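Visitor: Pasting a structure below so you can have a look.
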């Protein structure tokens, strides 16, 4: 920065009196009030320039475009910068002949402000300051790292860790302070009322801007090498010492030794540990315990002494004995209006800076590579749903699914996954992060289903509409009645056990079909000029008659094998029609059916599978005739169009005939209804008859598909008309084929040949209306990021875009452009604008779009760990808005395990996955299960019980129990009996771990469900095993007891929880026996006074009146397992369970997400 004597600046030169402010907004709190005092008198700055030829001879470390703040009204202009040696050069562009140069010998670099929304930073030299602005935060971090490497004379590598993590250099940023603050370099107060200056984002080291270059490199330790001579060595190895920082203590600071007030607002005095946050007087410092306990977050911290070596790839290798369950933190610095920057700094202050990473600076790969050698670790992602998906995808690439559990801290806009896992919809207070880390330590683990979005791009002809236009609906209205009648009576024939109902429905069905054919023939006579359409209609009517005759023959064969009381109506009189031969055969078949039903017979009954196939064939034939009839009615009012599109046959393929070796349909009819290109498309989508029959035979031995859908026999118009009524409940599952052989079942459902994985879905998938709104919002955010920097603004934009779609109705006929299949079964769609596929019960920012969380008579309760998807319809934006306050259910479509969506036409359709939207070209989209991820869910029941116990302890002792005090004094030794009991408990736990590992080789779910508990318990046991019992202290014994108890609860919940895990016979007895042994030993441990309240809360003694009320029926720490109670009840039916045995033994059932 120029002094007062500097009178001239060239265009684009350094600014006079510029301050560290944002280029978009500068508040008074961001201005540097000590700018003039820092110079120590006027100094004349001589401008130094170099030619491009002189610069070319030096090696370039980094170069590129940056914005530079100028002297005229603090405007920003683009300049080209080159860092070569310890000099920074800049000019208007890279081809300029003259470059200004800045000497970096005594320079320091600092971020411009606290939130730093515009990625600006300042280069501070004794003579000038350069305010620069990068395009994104990663580029800013790269420039700062390269400038620091020049100062430290260390090689700069972007691909590895930032050098400041290991060099001890401070990471400066400009900020103001609310109270008097002192410089840690010159010990003088920071200038101005707001004490504006530089602060290290990791260790809170304070400095004037002029003093920053003279600050010692004593930032927070990261590795064993950074500790240096302060390391503590004893007979057990190395120990973690305190790392003290002098002065600037809070007003309420008290000495941990003498319990007196320490610190001062008048001078720099007294000390604070950067790890355990203990504060001491200078005189008391030597009296304090030298070993640092790491404080409140010790479980999550990787101690610097643990990072003591590097592997062949250059990554640090951790010593596992120091880390039970370390925490890896990923922060998206852009999330929450750049609130991520504040959380990034706060986590570096609480944890080891080497375990905190910015997703915007290198992504998650670097952190996962550092932690991949750990047997068990936790991950905390601070950001939105997109950040979580990014980290999970990288976990898949490194194959770390079994080693890590992932938690979410919501900083984004939607945060649907965080809501479901119990972490809330938003989080803005960085001062509460220690409490968040505590809750994360007490969280339970649940499995999250993850789904692959497989795409196959293929241009398909436009899908023919099954519904005539409303103006021409006079004839179509009657045809709709016909089809509804056929579907209704077919359902009665298939489901009714009363023969009188079957006879009546068969009679009405015959009359309806004959009348329907006659109506179609009359409509056909009016369009004889279009021979192609007329021939198609005639062929379809012929096929319809054949299908009805086949159904009657199947019923006739079934009637010969059953006894039914007589009571038959009169024969149906024949009617004149064009197909007279077919009419006569139908009448004869019907009369024969009526007569045969009344005759007793002892022959074996025909399989109902054949009747089911004939009924489905008849329904398809009716639908095909309606398609052709709809085109005929279009010909009456609209000008003649092209021949019938063959793509309509795709909706109802004739696969059932090939499966039953039924060749009654004439080849001429098929050749007429299918063009060569349609046959090619059909061949691409379905297998041939041989493959179909083979697949059908294999599916006959499989259990019934767990697919719950709306009746596939319903037309789109019928489904739309009764969408909100109770008829859906009655028709649900009506026509699902229990033999797995309906013609709608895809015989090659699991084949993904030719498909590519577009992305992975964790939350939800949307196509149509909601995806269009998300796509427009994402485009708006990319064009104007300053308008979308807060959740409130984002919600307002969603409202504006949704209102616009309410008027435009861009996808009002989406059912005509897409086709939906659930578990291979075709789903007729009502009139809708979008389809949503849900994996979690939270959609678009907290909406329960499924409309409930409980099981009913039709659908199962939605869950994100059942490998089942929920499919719902999106009718309009009003429905999406109303569903935020009202639980709507009329738009439910299905629950299934796979979803297939076919996009027809030439134009793409908007698609979104977890809020990320794009335009998907025509083709096929398949949603199939990929894998499962371990997610950390907040366990409020356990937190409540633990808080009640802590309150009870406070009431008994009369003062709060500080967690850090447990580690200040040496742990007490155990008595002989206590050592013996701990030995037996450890042996029982080791036996249980062995049995679980043996069973997990066959039952993967057992290993996934207990993996974290097994690892934690093994680490706790290994601490005491090398020198047992000498190495056993109360702290170690307490840790062992807690981990053994957690393993017991986890295993019990899997064996006897809401969905018990079925093990094979030998493994089940072994695991149960080992679990019972652990239960007995845990009961013995409750006799030890200092372990009683940890393993079993006191339910008999009520707390004093001034204490928080405890839940006396809490079963979080209940020892007796549920399966033991059930076994005792079977043996002694007269015994009654106790009041504490009426609840489930698994506290996970009360956790969010269930």
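Any Cβ shown, glycine's included, is placed from N, Cα and C.
Here the structure is a predicted model, which means the values were calculated and not measured.
For reference, Swiss-Prot lists these features for the protein:
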- 573-586: compositional bias 'Acidic residues' (COMPBIAS)
- 656-667: compositional bias 'Basic and acidic residues' (COMPBIAS)
- 1131-1154: compositional bias 'Polar residues' (COMPBIAS)
- 59-152: domain 'PH' (DOMAIN)
- 322-457: domain 'DAGKc' (DOMAIN)
- 1-54: region 'Disordered' (REGION)
- 560-608: region 'Disordered' (REGION)
- 634-678: region 'Disordered' (REGION)
- 1123-1154: region 'Disordered' (REGION)
- 169-219: zinc finger (ZN_FING)
- 241-292: zinc finger (ZN_FING)
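How buried are these features, and what lies next to them?
Guide: Under DSSP, the residues of the domain 'PH' (59-152) split into helix, strand and coil as follows: 16 helix, 44 strand, 34 coil.
The average pLDDT computed over the zinc finger (241-292) stands at 92.
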Visitor: Tell me the residue counts in helix, strand and coil for the domain 'DAGKc' (322-457), as DSSP assigns them.
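Guide: The domain 'DAGKc' (322-457) comes out at 59 helix, 36 strand, 41 coil.
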Visitor: Please list, for the zinc finger (169-219), how many residues fall into helix, strand and coil according to DSSP.
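Guide: Output for the zinc finger (169-219) reads 3 helix, 12 strand, 36 coil.
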